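The compositional bias 'Basic residues' annotation in TrEMBL covers 18-29. Here TrEMBL flags 1-39 as region 'Disordered'. For 53-73, 79-103, 124-145, 165-184, 193-215, 235-256, the entry in TrEMBL reads transmembrane segment.
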Amino acid sequence: MPFELAVTDPEEPQPSHGPRRRRGRRRPPWRPCPSSLPKEDAVPLIKKTAAEFLGTFVLIFAMLSTIVVDAQHGGVEGLLGVAASIGLAVTVLIMSLVHVSGCHINPAVSVAMAAFGRLPPAHLAPYVAAQVLGAAAAAFAVEGIHHPASRGGMGTGPRGGAVEAFFLEFVTTFVLLFVITALATDPNAVKELIAVAVGGTVMMNVLVAGPSTGASMNPARTLGPAIVTGNYTKIWVYMVSTPLGALAGTGAYAAIKL
């Protein structure tokens, strides 16, 4: 015969390679295997940009709708209600989309992440385009539902001087990106709390700066309604201060971690 199959006597003890060693603690049955979890890097760019479009649409729609309804009904929700609505929208969106696209839903976030190597440079333009389009689509939707009451309440604009607004937007965006960078990029951070922490930070910033600047912290939030209303008054304040604040916030956390 050209070859023979090796047959092992079932009663003959098998060779031992020594006792098995347990490496680390056994994974609890309710905790999924890391390899089974969705990975953001494996998601195609087209799906990431779709997630950014939808996420930004939902955020801006919820934000503008709350502001317009509050104005229509004599301030029934108040600043606290508006801030809570925006913070909750951010929280649930992060929980839903962070594993798909990172849930930036804000060009300032994408710029900061790209500048510090957390977003591939080739993804920056598609992300920003999707976010601006999502914001504009949301503004058009709110305009269609609430017109003409929506005309006066959708945009952002300094209630005081441009310099005051610039620094308020810079500082609030700085704080937002400091928190995002700390929780999203540091392996020692408590990842389970990122959605709550970021949503809470947005709510806090709206309470701080909302009456003065509208608390944009987001170029898409300002640009989307401006496209619909045609009002670009002092828009440069928001287009410049928020990306600079984002870069400074991310850079500050990166510096203290060196």
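Any Cβ shown, glycine's included, is placed from N, Cα and C.
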With a Cβ cut-off under 8 Å, give me the same-chain residues at least six positions beyond the ends of the transmembrane segment (124-145) that come close to it. 45, 48-50, 52-61, 64-65, 68, 101, 104-107, 110-111, 114, 151, 154, 219-221, 223-225, 227-229
State the non-local partners of the transmembrane segment (193-215) in its own chain: residues 6+ outside its ends, Cβ under 8 Å from one of its Cβ atoms. 79-80, 82-84, 86-92, 94-95, 98, 155-160, 164-165, 168-169, 172, 175-176, 179-180, 183-184, 222, 237-238
Same-chain residues near the transmembrane segment (79-103), Cβ under 8 Å, at least 6 residues beyond its ends: 37-40, 43, 47-49, 51-52, 54-55, 58-59, 62-63, 66-67, 70, 113, 119, 127, 184, 194-196, 198-200, 202-204, 206-207, 210-211
For the transmembrane segment (165-184), distant same-chain residues with Cβ under 8 A (at least six beyond the ends): 102, 108-109, 112, 116, 118, 158-159, 190-191, 193-194, 197-198, 201-202, 204-205, 208-209, 212-213, 215-217, 234, 237-238, 240-242, 244-250, 252-254
